[in-house]
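Notes follow once the structure below has been shown.
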Amino acid sequence: MGCDRNCGLIAGAVIGAALAVFGGILMPVGDMLIEKTIKKETVLEEGTIAFKNWVKTGTTVYRQFWIFDVQNPEEVAVNSSKIKVKQRGPYTYRVRYLAKENITHDSETHTVSFLQPNGAIFEPSLSVGTENDTFTVLNLAVAAAPHLYPNVFIQGVLNSLIKKSKSSMFQKRTLKELLWGYKDPFLSLVPYPIPTTVGVFYPYNNTADGVYKVFSGKDDISKVAIIDTYKGKKNLSYWPSYCDMINGTDAASFPPFIEKTQVLQFFSSDICRSIYAVFGAEINLKGIPVYRFGLPSLAFASPVLNPDNHCFCTEKIISKNCTSYGVLDIGKCKDGKPVYISLPHFLYASPDISQPIEGLSPNEEEHSTYLDVEPITGFTLRFAKRLQINILVKPARKIEALKGLKQNYFVPILWLNETGTIGDEKAEMFRNQVTGKINLLGLVEITLLSVGVVMFVFFMISYCACRSKRVN
């Protein structure tokens with residue numbers, strides 16, 4: 001009877017040890033299975049989860065606009081006073097709802113090329129007004145004239161056309177005109193063929209961004225979705241090659257198995273450059289653990305602090321020998337127009353940039369850009385891209401509309417907030433297909449290991465106690 005009991009205790013200990021060992025073996029095996037599955041499903045090829053969501057996003061993406069309505073246009077033009085602005089918005093459009101076009105796979109280079117069609121649909125229910133709301137804003141054509149034509153004789157000719165068209169430094173435009181384009185009266189009088197339609201985002205609807213070529217990840221998953229080449233309407237060839245303007249993905253996804261220590265690089269054709277985000281926090285998004293990566297202040301720093309930004313310091317006077325920060329000159333890919341980008345309300349900008357403007361209130365919560373990335377797959381499940389469009393205006397002796405100015409202005413035109421969040425249905429599917437299975441496998445591994453260890457310890461203690469009892 002004692003022998004049977006001892007045998008039973010030993011058998012129980014053996015079973016417990018076996019469970020613990022099996023659980024220990026299952027952990028790396030399970031991790032390998034997860035890694036293999038993730039690598040397979042994140043490749044950009046027909047039939048994968050990544051490809052289906054890459055061709056056409058299942059997330060509704062909105063672009064909100066806030067327009068800076070100038071309150072004292074005459075005072076600025078005559079006395080070079082501070083520009084008083086009042087932001088009005090949001091005015092919301094649905095964007096990125098069209099599927100990628102001309103998708104072509106190259107099996108030799110393991111790349112995929114495509115066009116990204118542009119489209120914007122106004123959403124009245126998510127807006128404070130209509131597309132016919134009117135604003136007092138900078139006259140884009142007049143402000144750009146001295147930059148595009150620095151010759152004083154030509155400026156004199158342009159001045160006569162500006163006066164004849166009754167144009168001034170500021171103008172009244174509807175939301176629709178300002179964003180998507182209007183026929184400018186001054187440019188319409190120029191006696192040789194030039195584009196006469198002006199708009200912050202003109203042309204946009206019925207156009208396409210690209211051609212993009214990205215790596216599929218078929219041969220190397222660490223390169224999936226990373227942009228190989230970009231050939232768009234934006235003339236990036238102006239930039240020196242060492243500026244490395246195209247780097248990273250389009251931010252919709254990143255290579256899988258993201259670490260908190262990584263720097264996520266992504267390219268945005270809106271700003272004609274690559275930029276980066278760093279880890280900020282762990283977030284729970286609809287039951288899915290994600291890493292929040294945000295744009296650091298260093299991304300908009302002066303070249304003195306961030307040498308990567310030396311390409312965006314194009315002159316020494318306005319930038320105070322490249323020590324001013326917070327705005328980036330992207331004019332070289334905007335046909336020479338004096339367009340500068342910043343974060344909304346000049347967040348992270350040096351005081352001299354915002355000093356001539358009244359009515360700004362920068363804060364990180366409303367004006368910073370972030371990406372919420374699921375770290376195992378590398379999919380971006382929520383994002384907020386926030387940017388401000390500014391025009392540099394300088395005094396011009398030969399142009400009466402600008403000759404009253406005594407200082408340079410970075411005039412804010414508008415800022416935008418482009419957002420997208422995974423829908424409830426997609427989130428449930430993601431939890432079931434990805435995080436749920438991973439959590440279940442992890443639970444099984446830990447349970448087997450824990451139960452095995454407990455059984456082994458329990459039966460060994462019982463066996464020792466039994467042996468001690470028999471000896472006594």
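Every residue gets a Cβ built from N, Cα and C, even glycine.
What TrEMBL records for 7-29 (among others) is transmembrane segment.
Among the features that TrEMBL reports, disulfide bond is placed at Cys243-Cys311 (among others).
As annotated by TrEMBL, disulfide bond applies to Cys272-Cys333 (among others).
Here TrEMBL flags Cys313-Cys322 (among others) as disulfide bond. All protein chains considered, the CB of Cys322 (disulfide bond) has 17 other CB atoms within 10 Å.
Annotation comment: TrEMBL describes 440-466 (among others) as transmembrane segment.
According to TrEMBL, the feature site 'Critical for TLR4-TLR6 dimerization and signaling' maps to Tyr463.
As annotated by TrEMBL, ubiquitin cross-link applies to Lys469.
In this structure, the CA atom of Cys272 (disulfide bond) is 12 Å away from the CA atom of Cys311 (disulfide bond). Each of the disulfide-bonded residues Cys272, Cys311, Cys313, Cys333 was ranked by the number of other C-beta atoms within 10 Å, and first place falls to Cys272.
Put simply, Cys311 (disulfide bond) is 11 Å from Cys322 (disulfide bond) when counted between their Cα atoms.
In this structure the C-alpha atoms belonging to Cys313 (disulfide bond) and Cys333 (disulfide bond) are separated by 14 Å.
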